[in-house]
Amino acid sequence: MTDLPDSTRWQLWIVAFGFFMQSLDTTIVNTALPSMAQSLGESPLHMHMVIVSYVLTVAVMLPASGWLADKVGVRNIFFTAIVLFTLGSLFCALSGTLNELLLARALQGVGGAMMVPVGRLTVMKIVPREQYMAAMTFVTLPGQVGPLLGPALGGLLVEYASWHWIFLINIPVGIIGAIATLMLMPNYTMQTRRFDLSGFLLLAVGMAVLTLALDGSKGTGFSPLAIAGLVAVGVVALVLYLLHAQNNNRALFSLKLFRTRNFSLGLAGSFAGRIGSGMLPFMTPVFLQIGLGFSPFHAGLMMIPMVLGSMGMKRIVVQVVNRFGYRRVLVATTLGLSLVTLLFMTTALLGWYYVLPFVLFLQGMVNSTRFSSMNTLTLKDLPDNLASSGNSLLSMIMQLSMSIGVTIAGLLLGLFGSQHVSVDSGTTQTVFMYTWLSMAFIIALPAFVFARVPSDTHQNVAISRRKRSAQ
């Protein structure tokens, strides 16, 4: 990319900065949850909604981000995304109650939902096609560093300052990013078709109320009648969307996508698989601190091997799938992740702490292989006219399933535990043991979906589409 103009390189740096902010925030909060609970007077076993409120908002807003960027301009939307994310960070730091924090996290989620997809769109518009892959590699690299730094940085700030600083550090960075965006980013626009507002609202209502209903009386405090009402509203909204999208060329997501068998299998497997995987980044630091008595910084450091394993495996995942095929790889990694989850629980409860980094490294390797395989399986056979829509739907499902996974993990903790817990006590460890056992079972279930993938499905068919897969 050395032959690109200086202005273009600066614009790529701005996009990379946005990727870093968004990826850092998805991991930095996890380590701080027990300290937040103590400060806000809440049970640490009920803090999962801090993550769910952010991830669910991202899932809801993702379908609108690309259309808004084309309609209003990439600079205007990217600037708005950074401002909303920064304001959300400020309000998070100022929150005095859990409800205030949840609202602030939702505002952050609106900004986060627009930052990454609009950043990708910007790269497509400012970089020549032959340099697109190199440019995307450059801007996504900081996004890979964010999860590596997030847990340890979050633990460090919590231990030596306070949890408020995990949000306050975003403010000066956000201000600089917003100013740089206004000064350096071009405001590309495109002619757009009419936005499917009806479909967007139906999907948003369906996803939001079903997730709230899943949280149940343990998390939200809703009565059984209220939960039943939420389920009914959510199901009706999703059924109405299916009716709305049938034979509708302007639908948010065309039902023609599901005529491609591997897309249907991959999407179903991704949804079920990421429910299980979404539990792990939430549960691991909470378990290390509440169940085993680790300090926030120590718990954050323990997450680094998992990220390193994930990053290292990305280099060879194509060769692995080429050698063994999608079905074998996905079934093996799904069952393997379940076994590694049990291994982590066992070694931790036995006090073999020196083994934990190796187990977490292995967990990261297995999880990364499964993620990459799920993404390419889902998108590789789609025709060109449906590839963009399929990628957007996959991105939304990824975020939705992760929010459901965290919700289920919180529900399990509430089911097996109580409002008041003692750090590093036998009773608390029993609560976590039952939760980990349940999680291992849930993580293994998608193997039944992946077993239906045709045995002759191999990676070499998908290499040409890898650039379209969700990150």
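Every residue, even glycine, has its Cβ placed from backbone N, Cα and C.
Per Swiss-Prot, topological domain 'Periplasmic' is recorded for 1-11 (among others), and the stated evidence type is sequence analysis. In the predicted model, the topological domain 'Periplasmic' (1-11) has a mean pLDDT of 72.
Residues annotated as topological domain 'Cytoplasmic' in Swiss-Prot, with sequence analysis given as evidence: 33-48 (among others).
The topological domain 'Periplasmic' annotation in Swiss-Prot covers 70-76 (among others), and the record cites sequence analysis as its basis.
Sequence-distant neighbours of the topological domain 'Cytoplasmic' (98-101) (same chain, 6+ residues past either end, Cβ-Cβ under 8 Å): 36, 40, 42, 47, 49-50, 91-92. The feature topological domain 'Cytoplasmic' is assigned by Swiss-Prot to 98-101 (among others).
Under the heading topological domain 'Periplasmic', Swiss-Prot lists 125-137 (among others).
Residues 32, 35-36, 39, 93, 295-297 of the same chain lie 6 or more positions beyond the ends of the topological domain 'Cytoplasmic' (159-164) yet place their CB under 8 Å from a CB of it. The topological domain 'Cytoplasmic' annotation in Swiss-Prot covers 159-164 (among others).
Note on the topological domain 'Periplasmic' (186-196): residues 11, 64, 67, 70-76, 122, 125-126, 248, 250-252 of its chain, located 6 or more positions outside it, place their CB under 8 angstroms from a CB of the stretch. Marked as topological domain 'Periplasmic' by Swiss-Prot: 186-196 (among others).
The topological domain 'Cytoplasmic' annotation in Swiss-Prot covers 218-224 (among others).
The topological domain 'Periplasmic' annotation in Swiss-Prot covers 246-262 (among others).
DSSP assignment over the topological domain 'Periplasmic' (307-341) gives 31 helix, 0 strand, 4 coil. As annotated by Swiss-Prot, topological domain 'Periplasmic' applies to 307-341 (among others), with the evidence given as sequence analysis.
For 417-430 (among others), the entry in Swiss-Prot reads topological domain 'Periplasmic'.
Annotation comment: Swiss-Prot describes 452-471 (among others) as topological domain 'Cytoplasmic', evidence class sequence analysis.
Cβ atoms under 8 Å from those of the transmembrane segment (12-32) belong to residues 1, 4, 50-51, 54-55, 78, 81-82, 85, 89, 108, 112, 115-116, 119, 122-123, 126-127, 135, 138-147, 149-155, 157-158, 163, 166, 170, 173-174, 177, 180-181, 184-185, 281-282, 284-286, 289, 296, 299-300, 303 of the same chain, restricted to positions at least 6 beyond its ends. Annotation comment: Swiss-Prot describes 12-32 (among others) as transmembrane segment.
Feature annotation from Swiss-Prot assigns transmembrane segment to 49-69 (among others).
Feature annotation from Swiss-Prot assigns transmembrane segment to 77-97 (among others); the stated evidence is sequence analysis.
What Swiss-Prot records for 102-124 (among others) is transmembrane segment.
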DSSP residue counts for the topological domain 'Periplasmic' (246-262), split into helix, strand and coil: 7 helix, 0 strand, 10 coil
Beyond the flanks of the topological domain 'Periplasmic' (307-341) by at least 6 residues, Cβ under 8 Å: 144, 147-148, 151, 269, 273, 276-277, 280, 359-370, 372-374, 376-377, 436, 439-441, 443-444, 446-447, 450-451, 453-460, 463, 466
Top partner of the transmembrane segment (286-306) among 49-69, 138-158, 342-362, 396-416, 431-451 - counted as Cβ pairs under 8 Å: 138-158
Contact call for the transmembrane segment (431-451) and the transmembrane segment (197-217): at least 3 Cβ pairs under 8 Å, seq gap 6+: no
Close approaches to the transmembrane segment (342-362) from elsewhere in its chain (Cβ under 8 angstroms; 6 or more beyond its ends): 284, 287-288, 291-292, 302-303, 305-306, 308-309, 429, 432-433, 436-437, 440
